[in-house]
Amino acid sequence: MAIPLPASRPGNDTVHANGTAAPHPFDPSAPPPFRISEIRAAIPPHCWVKNPWRSLLYVLRDFVIISALVAAAAYFDSWLVWPIYWIAQGTMFWAIFVLGHDCGHGSFSNSTALNSFMGLILHSAILVPYHGWRISHRTHHQNHGNVEKDESWVPLTKKTYKQLERRTRILRFSLPFPIFAYPFYLMWRSPGKEGSHFNPYSDIFAPNERKDIVISTSCWTIMAVILVYLSFVFGPTQIFKLYGVPYWVFVIWLDVVTYLHHHGYEQKLPWYRGEEWTYLRGGLTTVDRDYGLINNIHHDIGTHVIHHLFPQIPHYHLVEATKAAKGVLGKYYREPKKSGPIPLHLVKNLVNSFRQDHYVSDEGNVVFYQTDPYLYSY
């Protein structure tokens, strides 16, 4: 016989008749027994300080490495070197995306003008429409974990899932196809959502944001024209090797990392609707990941829970801020599995998630991913 303690907070123990306590199963969907202000108070004040010179030094570091990789690949021009170059350069493209991502959140500096200027340079260089992405990404952060309003890798409802053509379902949930999705998302968004990140009149944007979209689409176009021009100067094959392949490696990084921030944890995590959703509960369903040697290269973006709750914190303070917040978060913080030098352990999480996480129920304010057992056997 067990006498339950009051269950006002998740994680309470159950007291047995002999007086011993048995652990109560942790419910990740239960409202947390703390407020976001308590997490904020646990983070040292200096973690909120944005140092523009430090941010610019990271930009300089990344562009120096990118330039050195281009020079080395062009000099050797060997098929023994090209595969190494593609992986290394694609990873550096991903690194400068993360710096542009800081600009979009305003954590690069306190200057809106500097953030926009650097964001346009960094993202246009890798064919991302900065303001279009910035605004939709803001929507993602404001609605993380919300089935109806989230923007990034938002779950399909069962009804929407069933309406997809069989081929579309298989492509969406069969690797490697989903990890090449980002450019298509920028153009057309996800199933069930309409709009383009390049169109100032898209429903994604408010009327007062249209000017920004024109600017970022123009910068994107200028970069595309530069690449076409360079193809005529150096040959399309050379530009494809120097830029085209690294671009697709960058896309893989972006899709895999952003997906794993919100999917593929060992225990299924909730998604919310209606009154059950709060900013805090949605943020607590994000997942930190360890990328081994890549952590520093891509600016600790795997330290994601605190970033989601407080995107104003610069990337170079995320690790310290997370350590400080763990005491408040308790079981709501899921310690990432430690990686070797290369994060190969995450492949299993990615594969298992695409096999299992297909849709959520059309009803209910707290839902979990469900599996279509017939997806690959039609």
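For all residues, glycine too, the Cβ spot is worked out from N, Cα and C.
Now, the feature entries from TrEMBL:
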type: REGION; residues: 1-27; note: region 'Disordered'
type: DOMAIN; residues: 21-71; note: domain 'Fatty acid desaturase N-terminal'
type: TRANSMEM; residues: 56-76; note: transmembrane segment
type: DOMAIN; residues: 78-333; note: domain 'Fatty acid desaturase'
type: TRANSMEM; residues: 112-133; note: transmembrane segment
type: TRANSMEM; residues: 170-188; note: transmembrane segment
type: TRANSMEM; residues: 213-234; note: transmembrane segment
type: TRANSMEM; residues: 240-260; note: transmembrane segment
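Mean model confidence for the domain 'Fatty acid desaturase' (78-333) is a pLDDT of 94. For the domain 'Fatty acid desaturase N-terminal' (21-71), the number of residues in each DSSP class (helix H, G, I; strand E, B; coil) is 31 helix, 2 strand, 18 coil. Contact between the transmembrane segment (170-188) and the transmembrane segment (240-260) holds: at least three of their C-beta pairs are under 8 Å, each pair 6 or more apart in sequence. Residues 70, 73-74, 82, 85-87, 89-94, 97, 126-127, 152-153, 176, 178-183, 227, 230, 287, 289, 291, 298, 301-302, 346, 349-350, 353 of the same chain lie 6+ residues outside the transmembrane segment (240-260) yet bring a C-beta within less than 8 angstroms of a C-beta in it.
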